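The block underneath contains the structure these notes are about, expressed in structure tokens.
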Amino acid sequence: MTGNRVAIEIDHVCKRFGAGEQAVLALDHIALDIRENEFFTLLGPSGCGKTTLLRMIAGFEDVSAGDIRLYGASLTGKLPFQRPVNTVFQSYALFPHLTVEENIAFGLEMRGFKPADINPIVAEKLELVKLSGFARRRPHQLSGGQQQRVALARALAPSPRVLLLDESLSALDLKLRKEMQVELKRLQRETGITFVFVTHDQEEALTMSDRIAVMSAGKLQQVGSPEDIYDRPANRFVADFIGETSFLQGRVADGQLHFGVAGSLSCQVLDQPHDGAAALAVRPERLQLASSGDGLGGVVAEVVYRGVDTVYLVQLADGQPCRVRHTNDSGASRLARVGDAVRVAALPGAFHRLQEAGHDA
Amino acid sequence: MQASNTLWRFRGVTPTAMLAFVYLYLPIVVLVVLSFNANRIATLWTGFSFDWYLKVMDNDNILRATKNSLIIACGATVLATSFATMAALAMAGKRFRGQAFINAMLGLPLLVPEIVTAVASLLFFLALGLDLGLLTVLIAHTVFCIPFAYLPIRARLEGLDPRLAEAAADLYAGPFATFRRVTLPLILPGVLSGAMLAFIVSLDDFVITFFVAGAGATTLPVYIFGLIRMGITPEVNAVSALMLLVSIAFVALSYWMGQRKS
């Protein structure tokens, strides 16, 4: 599925806005490789620089330092219309005075294709995004989801080496967004084009991506597969930004995790078993509530029923809060009530030791 | 409207508004009515007649002045609209130093008293050694038409999503192709609206033209002024009514263009 060739090489790219003392470093030495045919996602909160990076690949922003290479060739100095990449804009940016088919044909015309060659490609792309009956419509006669698909077809029509998608699903409502996530993944598989997708929605990133780059405040935090990012977050930011996480402070000794008066767990910290203070991250679904037996002592502070699951906020005996998630698969939804004394047990490998242990505990 | 605007609840607002409209338009209505007057004495109604319009069509001087007016208005419109479009495009691009100042300078001619521009233009042409004639009128008209053409084009560009030009560039369109295929079609209503305003303003102008027109370059307003000095004749009324017709047609067209697709 994922080739090994590097499609885009982001080589220590910086972006400075403004000059002199007021200059802001929007991107701080970003270095990463995007491989051929992969669905690569730039993920981060708004203002983290992910869109700026995407716009730099497209050519809409200058690179302040560093270089971006497409299949080994530097893109520096190349204007947007000279780059074999196409963009799906957040606002779609469909040409309002052109019909759907004219929009899709635009890039092909500009590349000098003959009308006879353009028509079958346009028809094929319309088919691909399931809009065959809409060729003669104008953008304003389409729904948001349909406009989105026209934007996709238009960007795919000239067969770009890389497709850039800028927060392309964020304008859609939840249900449509879920549909389009599957649709995008299908398109990527069918076309075999490298997708670079920008989003602030971690769930969307996990659902669609082959690999994800997590960014924050202009810095790259972690690059890896969705499993890497979710199971082995590189730092506190990533652990916090992706999914739900409880952060706990403990001690590792004799292969055991100790939490002061709350007790200890035999569950090992897989990646870093050495002794000492440990900043730990744990996902709520890997903790379990037990009324007695092994586990950390605590009191239920809050119960949040969410339909598919219930989340218990437990105040451990040593004062640290943690979240425990139970799937409501057996119907017996409430395991405990607020104020109940409970024990919190962990699945093997539940705890992940964060690298900055001791620095910001 | 009456439900949302409380102003209308006050007594006397409606009659006042009507009075204002009468004040604005009654003289024009009188002029148009009198242009159909059969009597030689313009202000004395004796019967309906098309005579004065026929007389206008027969008058070589009027026809020549009309021809001059149309040549100058068309030329000034094309030139001023082209310059205004280029200026608007430059102003809509990336921000640059002194942009606000230049924007103000582009609109300033609207505020300068026309007589000042007229005298300045005359002195300028004389200093350059240009013979006063159609060319000098054309140059002067182009200059004062630019801000009129500029404003609607600029407004239209302001409302244009900058992502559209980016999308065109992203789809391999160079700067010129982007302008021709995307930007121009989308600002065209503004450009046409600006062009029509420029045309009307040029067709209408008296003061500047009066100063910079040489002997052979008399335009219609200047000619009408000459006629008036010998007394108001129904012929003047007829010419004025015709000009009014043209103006209304163009302003309406310009308004309609501005409204379309915006």
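Cβ from N, Cα, C; glycine included.
Just so you know, TrEMBL annotations never went through curation; they're auto-generated.
If you check TrEMBL, you get these features:
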- B:66-254: domain 'ABC transmembrane type-1' (DOMAIN)
- B:12-36: transmembrane segment (TRANSMEM)
- B:70-92: transmembrane segment (TRANSMEM)
- B:104-126: transmembrane segment (TRANSMEM)
- B:132-153: transmembrane segment (TRANSMEM)
- B:182-200: transmembrane segment (TRANSMEM)
- B:206-226: transmembrane segment (TRANSMEM)
- B:238-257: transmembrane segment (TRANSMEM)
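A Cβ distance under 8 Å defines the sequence-distant neighbours of the transmembrane segment (B:206-226), meaning residues of its chain 6+ beyond its ends; these are 61-62, 64-66, 68-69, 72, 114-115, 117-119, 121-122, 125, 131-134, 136-137, 140-141, 144, 236, 239-240, 243. Of the candidate ranges B:70-92, B:104-126, B:132-153, B:182-200, B:238-257, B:238-257 contributes the most Cβ pairs within a distance under 8 Å of the transmembrane segment (B:12-36). If one looks beyond the transmembrane segment (B:238-257) by at least 6 residues along the same chain, the residues whose Cβ comes under 8 Å of a Cβ in the stretch are 28, 31-32, 35, 52-53, 55-56, 62, 152, 189-190, 192-193, 196-197, 199-200, 203-204, 220, 224, 227. Taking every listed stretch (B:104-126, B:132-153, B:182-200) in turn, the largest tally of C-beta pairs under 8 A with the transmembrane segment (B:70-92) is reached by B:132-153.
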